[in-house]
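Features as listed in TrEMBL:
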type	residues	note
DOMAIN	A:116-196	domain 'Peptidase M48'
TRANSMEM	A:34-58	transmembrane segment
TRANSMEM	A:65-86	transmembrane segment
TRANSMEM	A:92-113	transmembrane segment
TRANSMEM	A:286-307	transmembrane segment
Amino acid sequence: MIAAAAVLGVLALALAWPAPVALSGASWTARSPATALALWQGIALGGGLAMIGSLLAFGAAPAGSLAGAATSLLPSFWTGPIPAAFGVVQLASLTLAVGLAVHLALNLVSTAVRAERARRRQHRLVDLLGDPLPGSPGTRVLSHPVPVAYCVPGIRTATVLTDGLVDLLDDDELRAVLAHERAHLDQFHHLVLLAFRAWHAALPWFPIANRAEGAVALLTEMLADDRARAVVGAEPLATALVRVGTAGEPGAYADAGGVHPDPRMLERRLARLDPGTTPLPRWARAACWTAAIATAVTPIVVLASILV
Amino acid sequence: MAGLGELERSVMEALWASDVALTANDVRDRVALRSEPGRAPATTTVLTVLSRLERKGFVARARDTRPHHYHALLSRAEHTAELMHEVLAASSDRDAALARFVGTVTDGEAQTLRRLLDDLVRR
C-alpha cells in the first residue's frame with residue numbers, strides 16, 4: 001500500500017510540474033497538434049487520478065486495501081469509534097482525497113452548466129438577429145462592423161459571422177473561415193476545452209492549469225486551421241488570419257469592450273502555415289500516443305492492484 | 001413547431017420596422033403581408049409568440065390599453081451591439097461557450113504583451 005501511494009505520489013508530482021512545463025515549452029506541438037492534445041489529456045487525467053489515488057492509498061494503508069479501508073471505516077461514521085489503526089494523518093489524507101474528487105467533479109458540472117446557459121442565450125439572440133448566409137446552412141450573419149467569426153458548439157450548433165467580416169474577406173478566405181469553424185463543431189473541441197477550463201476553475205492558484213488551458217485552446221485552433229488548409233489551401237487561410245487579426249487596428253474594436261486580437265496566438269498559427277512545417281515522424285507520434293495512454297492508465301492499474 | 005423561430009423573427013421585424021407600439025392584430029397583418037399566401041399566422045399564434053418574446057426580454061407591452069400594445073425593447077442594432085460585446089469581451093463563461101476564429105485579449109493583456117515584446121527586443 002505505501003509503495004503504491006509512493007508510486008502514485010511521484011507520478012502526481014511529475015504530472016503536476018515538470019511534464020506540463022516541458023510540453024507547454026515544446027515547439028514540436030505546432031507540427032502535430034492532435035498528438036500534443038492527446039498528451040495534454042493524458043497528463044490532466046493521469047495527474048488528477050494519481051493525486052487523488054496517492055492520498056487514498058496512503059490513507060487506506062492501515063487496512064491493507066482500499067475496499068478493506070472502506071469496510072472498516074464507513075460503518076464507524078455512524079456508530080464510532082474509528083478503528084485505532086487509522087491515525088489523524090490517514091484520516092486527513094482520505095478526507096483530502098474525497099474532497100478533491102468532489103471539488104473537481106462539481107467544477108466540471110458547474111462549468112458545463114454555465115457554458116450551456118451562455119450557448120442558449122447565444123442561440124436565442126443569433127436566431128433573431130442573424131440573417132442566413134446563402135449556400136451555407138447553419139451559418140448566420142450579424143449586422144456589425146467589427147470582423148468576427150465564431151461558432152456556438154453543442155447539440156445544436158451555429159456558425160456566426162459579422163458582415164464586417166464578410167466585407168473584409170474574399171470568397172476563398174471566407175470558405176477558410178467557415179471550414180475552420182466547422183472543424184471546431186465537428187471535432188467537439190468544446191468538450192476538451194470545457195474539461196481544461198473546469199480544471200483551471202477548480203485550481204485557480206495552480207499556474208500549470210492556466211498554462212494547460214491556454215496550450216489546449218491554441219492546439220484546437222491549430223487543428224481547425226489544418227482542416228481549413230485542407231479545404232482551401234494555406235494561402236487564403238493565412239491572409240484571412242492576417243486580415244481579421246489586423247482589421248481591428250486601431251479603432252474598430254474600441255466600441256466592443258476594449259479588446260484586441262491576440263497577437264501571440266496569431267503569430268504561432270501563422271508560423272506553422274509555412275510549407276516547411278512538417279508533421280512529426282510517424283514513430284514519434286506513435287511514441288507520444290503510447291505515452292499519453294500509459295499516463296492515463298497507470299494510476300488506474302495501480303489503484304486496481306490495491307483495491308481488495 | 002419548426003416554424004416558430006422564423007415566426008419570432010418575422011414578429012420582431014414587424015416591431016422593429018414600426019415607429020409606434022402595435023397590437024397583436026397589427027403585428028399579424030404586417031407579418032401576413034410578407035408571408036406566402038395561405039401561410040399567414042393566426043392572431044392567437046402571434047399572441048403566443050409575443051408572450052414568448054416578452055419572456056425572453058425582447059418585447060414589452062403596455063397594459064393600460066385594450067387590446068395591449070407591444071413594442072421592441074431594444075433596436076436590432078442595440079441587440080447586436082450587446083451580443084458582440086458579450087462575444088468579444090473577456091469572460092470565462094463566454095470562453096467556455098464559444099470558439100472564435102481569432103481570439104481577443106483585453107487592453108491590459110495587450111499592454112503586458114507589448115511590454116514583454118519590448119523587453120525581449122531590448123535584450
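The backbone N, Cα and C atoms fix where each Cβ goes, and this holds for glycine too.
Among the listed stretches A:34-58, A:92-113, A:286-307, the one sharing the most Cβ pairs under 8 Å with the transmembrane segment (A:65-86) is A:286-307. Non-local neighbours of the transmembrane segment (A:92-113) in the same chain are 48, 51-53, 55-56, 58-60, 69, 73, 194-195, 197-199, 201-202; each lies 6+ residues outside the stretch with a CB under 8 Å from one of its CB atoms.
If you look at the transmembrane segment (A:286-307), the same-chain residues 6 or more away from its ends with a CB under 8 A from one of its CBs are 1, 4, 7-8, 11, 15, 32, 35-36, 38-39, 41-43, 45-46, 49-50, 53, 56-57, 60, 65-67, 280.
Within the domain 'Peptidase M48' (A:116-196), the DSSP-based counts of helix, strand and coil residues read 44 helix, 19 strand, 18 coil.
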